[in-house]
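J.: In case it's useful when we look at the structure, here is the feature table from Swiss-Prot:
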type	residues	note
REGION	1-42	region 'Disordered'
MOD_RES	SER38	phosphoserine
DOMAIN	170-345	domain 'Helicase ATP-binding'
BINDING	ASP183, GLU184, MET185, GLY186, LEU187, GLY188, LYS189, THR190	ATP binding site
MOTIF	296-299	motif 'DEGH box'
DOMAIN	500-653	domain 'Helicase C-terminal'
MOD_RES	LYS515	N6-acetyllysine
MOD_RES	SER572	phosphoserine
Amino acid sequence: MRRSLAPSQLARRKPEDRSSDDEDWQPGTVTPKKRKSSSETQVQECFLSPFRKPLTQLLNRPPCLDSSQHEAFIRSILSKPFKVPIPNYQGPLGSRALGLKRAGVRRALHDPLEEGALVLYEPPPLSAHDQLKLDKEKLPVHVVVDPILSKVLRPHQREGVKFLWECVTSRRIPGSHGCIMADEMGLGKTLQCITLMWTLLRQSPECKPEIEKAVVVSPSSLVKNWYNEVEKWLGGRIQPLAIDGGSKDEIDRKLEGFMNQRGARVPSPILIISYETFRLHVGVLKKGNVGLVICDEGHRLKNSENQTYQALDSLNTSRRVLISGTPIQNDLLEYFSLVHFVNSGILGTAHEFKKHFELPILKSRDAAASEADRQRGEERLRELIGIVNRCLIRRTSDILSKYLPVKIEQVVCCRLTPLQTELYKRFLRQAKPEEELREGKMSVSSLSSITSLKKLCNHPALIYDKCVAEEDGFEGTLGIFPPGYNSKAVEPQLSGKMLVLDYILAVTRSRSSDKVVLVSNYTQTLDLFEKLCRVRRYLYVRLDGTMSIKKRAKVVERFNSPSSPDFVFMLSSKAGGCGLNLIGANRLVMFDPDWNPANDEQAMARVWRDGQKKICYIYRLLSAGTIEEKIFQRQSHKKALSSCVVDEEQDVERHFSLGELKELFTLDEASLSDTHDRLHCRRCVNNRQVWPPPDGSDCTSDLAQWNHSTDKRGLQDEVLQAAWDASSTAITFVFHQRSHEEQRGLH
C-alpha cells in the first residue's frame, strides 16, 4: 500500500468535492500538484477537517481602499503648512533666508530699475578693469525703498526720505548722523520717518541691515498713534513694541528684552515709548546700543538743562532724528538746543552761539535797529542758515494746496461787553500790575493778573468767584454784575466772544451739515461750552486731560464718522492739541490765544489734514484792545523770528518793538483792532481796505498781507457774514486770508 494512502497520512490529504453532506469519504487517487493562481495565493490557507465541508470562498467581495491609502488621504486633508506664530506676519523679519551663504554678485533688496523706484543710494560706476579687480562679494549695492512704501509717498515725502537717509548715514555732514524734520503740520512726517526706519532695518550699501533696533520717543498721547501708523504702512512685516504705562518691574522687563535682542532677525526691532516713561527707565536703555532714535514733538527738547533732554542725550546712539513742525518757539537759544542734540558741536557751544549768532540776529530784527545792525544781523543769519540747512529740512503747508481743499483763516476781533469793560478797568486800577513790569520783571502776581484778564475776556463767569472772594483787583466788583446773576447758568450776552460764538454755532447748525471743533486753553471755558451746547441742544464730545488715551482714540473715531450725530468737539489745547485728526469737522474756533504760537498752530491744524474733503474755516477770536491782542502780537513776533531762521523769508516785516510788547496791562476801548493799528497799514484808509493784498499772499504770509475788514463786505465765509449781521456791535474787525486758490475738481 502506498504510504500516502495510509491511515496515518489521513490529515494531510485534501478532501474532494462532494455532491452532498451524506456522502461517505472514499479514498481516491491524489491529483497531481498544480501551480496556484495569483487569486488563489491571496486566500490564506487554513486547516480543514476532512469530516467538514469547507467554507465557500467569497469571490464577489466589493473592492475597498487599502488602509494606507485612506490614512494618506485623511492626512492630506488635515495637514496645514507651518505658520509663524506672530500676528499678521506676512514675510521674513530679516533680509536673509536660512541656509548656506550664497556666493556670487551682491544684489539690492529691491529692483532699482523698477518704475517708480525710490533709490536712496547708487554705487559709483566702475570701469571694466575695476570690476575684474574688486571682490564681487564686497561691491556696494543700491539702497531702494520698499515698493509698498515708495508707491504711496508723495513727491515732497520722497525728497524728505532721501534727505533723512543721507543725514543719518553721515553723507551730508561727515561725522554727524542727526537731522531735524521741521515740515509743517499735515505733510506726513510720520510716514517719512517710518520709511526711514524700515529702510535702515532692512538694507544698506553693504547688503546688510544698517541698524538692528530703533526707538521712537513721543508724547504719551501719540504712542498708540505711532503703533497704528507702523501697522498701517508695514502691516505684519514688523512687530513694534509700544510701552506707555505699567508697573516699573514690568516695563523694565520689557525694555531689557528689547535691548537684549541681537542679530539680523530681531523680533521687535522698533520700540515706541513716551517721554515720561523713557526718562524714568533710561537706565535700562543705556546698557546697550540703539541704531536710531526718533523724537516726535521734539520741541520738548528746547531746554538742554531739563531731565528729558539729558536722558535722551545719554542714549548710546549717534543717529538722531528730531521731528518738530515749529523748531523755534521762544528764542534762538532754544533752537540751538535742538540742533545741538542731533548734531553736537556744529554750532559751537551755547555761549559761542549766543555771542556769534543770537544777539546780532535779534538786534537786527528790532524795529529800532540801525542799518549797520540790520546788515550784521543778516550776515549772521545767512551764515546760520548755511550751516543748519545741511541737517534741517522744512517744507511749508502750501504744498498741501495740491492735495487739500481751501482753508480760510479769520482773526475776529470782538468788542467787550459793558460788564467786561467795567470789570477790566476796575482790575487795572486796583491791581496795578503794570507797575511790576516797568523793571522788566515778571512776578508771580503779574502772572496771576495775566490769567485773570484772559479769563475775563472769555467770560465774566470765570472770575465771578474771585469777585465774591474780593481777591486782589476784584474788590467791590460784585455789584457790577446784573441783579440775580447766577454763575451756574450760561449767559452768552455777557461776553463779546461768547456772543459771537453762539451766533457762529447757530448759523452753522441751521444752514449746513458742517461740524465744529471748539478749542480753549482752560477747562473752565470748556465747561461754559458744555452749558451752551446743552441749552442749545447740540450733541457734543469733550476731550481734555482727564480722558484716557484709549478712550480718546474711540471718541475721535466716532466723531469723524459721517454717521455720527455729534455737532461739536470740545478740545483742551493743552491735552490734545498734538497729533489728533479731526477731519470729521471742517470749522474750528480758537476761543483764546496761547503765548506760544506752536500750541495754537498745532490745535488749528486738527481739521485741515489729509482726508479732509470740505473747505475749512478757522476762527481765531480775540477781545479787541485787550491783553489777548498783545498775546497775539507776541505770537506774530515769534512766528516772524521762526520764519527768518527756518523758512528763510528775508522780507518778513518787523512791526513790534520789544518795548511795545511789554504794554500788556492796558485797555484801548476805542480801537477796532490794536493789532491793525500797530501795523501802520498802508493799504487801508480810515480803517477801510482800499488796495487788496499782494498777489501770491496766503495764510502763511505776514498779517499785513491779509485782507482787512471793518464790515461784512469782502468776507469769504457766509457763516461769519450772517453772524456779523446778527451781532453788528460785537464784531469790530476781521483779518482774513485763504490758503490757496481753489483747484478744479476739488471740493
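Any Cβ shown, glycine's included, is placed from N, Cα and C.
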J.: Are there any residues in the same chain, six or more apart in sequence, whose C-beta is under 8 angstroms from the C-beta of ASP183 (ATP binding site), and if so which?
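T.: When sequence neighbours closer than 6 are ignored, ASP183 (ATP binding site) has HIS156, GLY160, LYS189, GLY325, ILE393, ARG394, ARG395 within Cβ distance under 8 Å.
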J.: So which one is it: of the binding-site residues MET185, LEU187, which has the fewest other Cβ atoms within 10 Å?
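T.: So among MET185, LEU187, the binding-site residues given, the one with the fewest Cβ atoms within 10 Å is MET185.
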J.: On average, what pLDDT score does this prediction assign to the domain 'Helicase C-terminal' (500-653)?
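T.: In the predicted model, the domain 'Helicase C-terminal' (500-653) has a mean pLDDT of 85.
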J.: Rounded to a whole number, how many Å is the Cα of LYS515 (N6-acetyllysine) away from the Cα of GLU184 (ATP binding site)?
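T.: Counting only the Cα atoms, the answer is 24 Å.
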J.: An 8 Å radius from the center of the ASP183, GLU184, MET185, GLY186, LEU187, GLY188, LYS189, THR190 Cβ atoms defines the neighbourhood of the ATP site; name the other residues of that chain inside it, in order.
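T.: Neighbours within 8 Å of the Cβ centroid, excluding ASP183, GLU184, MET185, GLY186, LEU187, GLY188, LYS189, THR190: GLY325.
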J.: Please report the number of other Cβ atoms within 10 Å of the Cβ of the residue listed as 'N6-acetyllysine'.
T.: 25
J.: Using DSSP with the three-state reduction, classify THR190 (ATP binding site) as helix, strand or coil.
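T.: SS state of THR190 (ATP binding site) = helix.
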J.: In whole Å, note down how far the CA of SER572 (phosphoserine) lies from the CA of GLY188 (ATP binding site).
T.: 24
J.: From the DSSP assignment alone, can you count helix, strand and coil residues within the motif 'DEGH box' (296-299)?
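T.: Taking each residue of the motif 'DEGH box' (296-299) in turn, the totals are 2 helix, 0 strand, 2 coil.
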J.: How many other Cβ atoms sit within 10 Å of the Cβ of GLY188 (ATP binding site)?
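T.: By my count, 20.
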